[in-house]
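Undergrad: Questions regarding the structure given below will be posed in turn.
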Amino acid sequence: SFKQLRIQGKFTLTLNHLDLDKDDTVSISSLSQPHKPVLLLNASFSALEPVEMSSIDGAYVIITRNKCVQANRTVASGSLSGVIGSSFAPKLMPGVAYSFKSPMFPNQYPLNSTRSWTFNGTGIRGYHLTFSSMDIAKNHTLNLRSGNQSVPLTGSVLPADIVLENSILHAEFAAPVHQGYATGYGFDALLMPLDMVQVIVKESGQVETPSFPALINNSNTIFWSIYVPNVEPKKMSVAILFNVSHHKSAKAPGTLTIYDGNSVRSPVLGNVTGENLLSRSDTILVKLVTVGGNESGSALQLNFTTYRCNMSDTCNNSKICIHEDWRCNGVNDCGDNSDEVDCGYHPTPSHHHHATTRTSTPHSKGVSVAAFVVTVLLALVIGAVGALFVPVLVRRYRAYRYSRFRMLLYLNDSAHVFWGSLGAGSFL
């Protein structure tokens, strides 16, 4: 009802069918400004994606028709639905993720729609924000604001994760009406409030749990974003050389996850217990979740430095530094085989994302000539033996197979008759 829409503040108008003739038009405006159309449609439109309107101002839809080409047909049909809230201020807690999406996600968001969120909460020291879907049309934006910083997001490319060292975050989505009336499928975001967060941008350094080596004896979600800048991007590439150590008195080291890249969509490093571990990218995201209790206790320290390599020592396509233990290891770690050039064999695709050590063991550079000659001679001998004895064995096997097949055929025919008779009588 109109009363219900008025309480909600907004409603969505959808024209799911339009069958206009030439020079026919449909205009949509508000009741407060009926002569200022928000949208104007012609015969090129067969439908209109949802558009949000204010329930206070209402919607004024005018259909103007020229001479009718065909009588007794539906020219336009649509529907209305209420909007349940457009401003949100959820109560958040550290370590408990909150999901927020564009209007009507995963369907296309309405034109003229707006949404706003204010995030804060007790004990929150910052946030980690990641996106699993992003499709925002031109001139539409999701604007993230914290303090005096603002980040506008648009387009269909998933952005890098956002790590924020602030307890308050504002998010505002706006899809104003523009020429062409384009819309998109919006966004799907996951926000993680954090007990502790640190963003590091430097060539080398150290991060650690609070008051290290003192143990953390309560539940915490801790997040570090580590980025090493490349001061000479035209001459070299960089990665992160690091090692992780848990204090020897730690009873429960917690759950440690390290992402090799600028998003939790990046590969997870599967083994981070060694020394001199090397990433693939210039960024790692480190997440530590500790568990409270008398028997628990966590203390972690991570040291890192910049690993540099010349452009001649990078993968051809990605320009990632080729790790020393990637060369001629039989695995296509680069993705374009450039780490397996001149090795004498075809590499297998890489399915592992373990952090590798800087030092490596020697690898074979190819197949020796002696081994190749021996292999060819053995193949010739086996082929000659097969040519003499295989025909005899095949004739004996066929004779045995034929007699066995006749017996099986008889049994199968009998079984078929038996089940057919049973099936016919089982419905009586």
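Every residue gets a Cβ built from N, Cα and C, even glycine.
Note: TrEMBL annotation is automatic and uncurated.
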Undergrad: Just choose from C309, C334, C343 the cysteine that TrEMBL connects to C321 via a disulfide.
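TA: Of the listed candidates, TrEMBL names C309 as the partner.
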Undergrad: Look at the disulfide annotations in TrEMBL and name the partner of C328 from this list: C315, C343.
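TA: Out of the candidates C315, C343, the one TrEMBL links to C328 is C343.
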Undergrad: Using the alpha carbons only, what distance in Å do you get between C328 (disulfide bond) and C309 (disulfide bond) once rounded?
TA: 18
Undergrad: Between the disulfide-bonded residues C309, C321, where is the Cβ count within 10 Å the lowest?
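TA: Counting other Cβ atoms within 10 Å of each of the disulfide-bonded residues C309, C321, the minimum falls on C309.
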Undergrad: Using C-alpha atoms only, work out the spacing between C309 (disulfide bond) and C343 (disulfide bond) and round it to an integer in Å.
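TA: Distance (Cα to Cα, whole Å): 21 Å.
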Undergrad: Taking 10 A as the limit, how many CB atoms besides its own sit near the CB of C328 (disulfide bond)?
TA: 19
